[in-house]
């Protein structure tokens, strides 16, 4: 090879680079981080940087292509993940709802079972208690306790009035509350609880409102005085309330009619408060104003009457007609003992009997309130009136003891006489049977001895 031939390739290798090729300097200038080695003019152009450059561009192209594909598939994947998550949440929700429903049903079943067992035990205990309470010895013992407490009440109330009159409003409220609550539960079992919506209970509530809520109201004082000393007090005479000390029902009836006027009597005449700080309505009111007191008393009565007619007579008409509920109206209008009251109420026929009775009761309320005006003005008249009411209740109780109890004792004596007569007759029949059996035995023995005698006679022959 000649020198000229050997120089030719070298000359080509060091010739100026083509525009499309990258040199070491270009790569180093474009990206120093990829090619950190400095350019070496002595070595001339290098092929290694060109390989790395091509590899880098290929990698970038690969990553860009795959990244575009991933970005294209990303909404699909996100939608799939959302649907899967939603499906899992829905499934979990249904499972949780099913678990909660099952647990709730189990708890409800356990509660119902426990309540049923408890109710059964209570019913059993009540049956045993009722059976025990119906024993004659227990009934007599309870009657003795009731009689003793009733007599104690009759003795202690006058003493409290004379010594501690300021206690009377509290004593009235306390005892009335207990007796009315007890009566409600006793009447509820008999479906008689509509009796507690009568006017007497309404007046008791209004009196308590005056004593503790509106003691300064002269309007309310006049109204409650007329209603308590008028129709409420006269009901002891009208409806024959009886002071039967061993009967809680009869004692309650006397108490709710007589205790409110006694409490107001003490507040009006005997309460130790000369400055009227406890009951300001009494100040400067020696006499009740006739017109306004009657107006407010009748208005209060009509308020109760309208409410009673709407909520009891009208709305509970079907239950009352079916016999599921008993009211004082149906009791009085259908009671043969009511006599004149029932006859007058039926003057315009059965259809208007309740309306007629309501009109009669309004007239009765107005007339008795006229007398109550006088009882507020005169101390002696008020005292005699309350004592007379108490004596009437005692007389009615004495009549009950003598008439009702005497009839019961008479029935018991007749029953005892019948039992004695039956025992005597049974003993006589047994004695007669024994004598008849003895007579038949003697006759049979005599018949047997005759053949024996004839046989012995033949043997002797």
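Every residue number used here counts from 1 along the chain in the order it is shown.
Glycine residues also receive a Cβ, built from the backbone N, Cα and C atoms like all the rest.
For 1-41 (among others), the entry in TrEMBL reads region 'Disordered'.
The region 'Disordered' annotation in TrEMBL covers 427-461 (among others).
Here TrEMBL flags 167-187 (among others) as transmembrane segment. Here the transmembrane segment (167-187) has Cβ contacts under 8 Å with residues 157, 160-161, 193, 195-196, 201, 204, 207-208, 211-212, 248-249, 251-252, 255-256, 259-260, 262-263, 266-267 of the same chain, all six or more residues outside its ends.
Look at TrEMBL and you will find 194-213 (among others) tagged as transmembrane segment.
A Cβ distance under 8 Å defines the sequence-distant neighbours of the transmembrane segment (219-239), meaning residues of its chain 6+ beyond its ends; these are 199-200, 203, 206-207, 209-210, 254, 257-258, 260-261, 264, 268, 279, 281-282, 285, 288-289, 292-294, 296-297, 299-301, 361, 364-365, 368-373, 375-376, 382, 385-386, 389, 392-393. Annotation comment: TrEMBL describes 219-239 (among others) as transmembrane segment.
The transmembrane segment annotation in TrEMBL covers 251-271 (among others). Taking Cβ pairs closer than 8 Å, the transmembrane segment (251-271) reaches residues 146, 150, 157, 161, 165-166, 168-169, 172, 175-176, 179-180, 182-183, 200-201, 203-204, 207, 211, 224-225, 228-229, 232-233, 235-236, 241-245, 278-279, 282, 376, 379, 382-383, 386, 389-390, 393 in its own chain, all 6 or more past its ends.
The annotation transmembrane segment is assigned in TrEMBL to 291-314 (among others). Long-range contacts of the transmembrane segment (291-314) within the same chain: residues 194, 197-199, 202, 206, 219-220, 222-223, 225-227, 230-231, 320, 327, 329, 354, 358, 361-362, 365-366, 369-370, 373, each at least 6 residues beyond the stretch ends and with a Cβ under 8 Å from a Cβ of the stretch.
The annotation transmembrane segment is assigned in TrEMBL to 352-376 (among others).
Per TrEMBL, transmembrane segment is recorded for 382-402 (among others).
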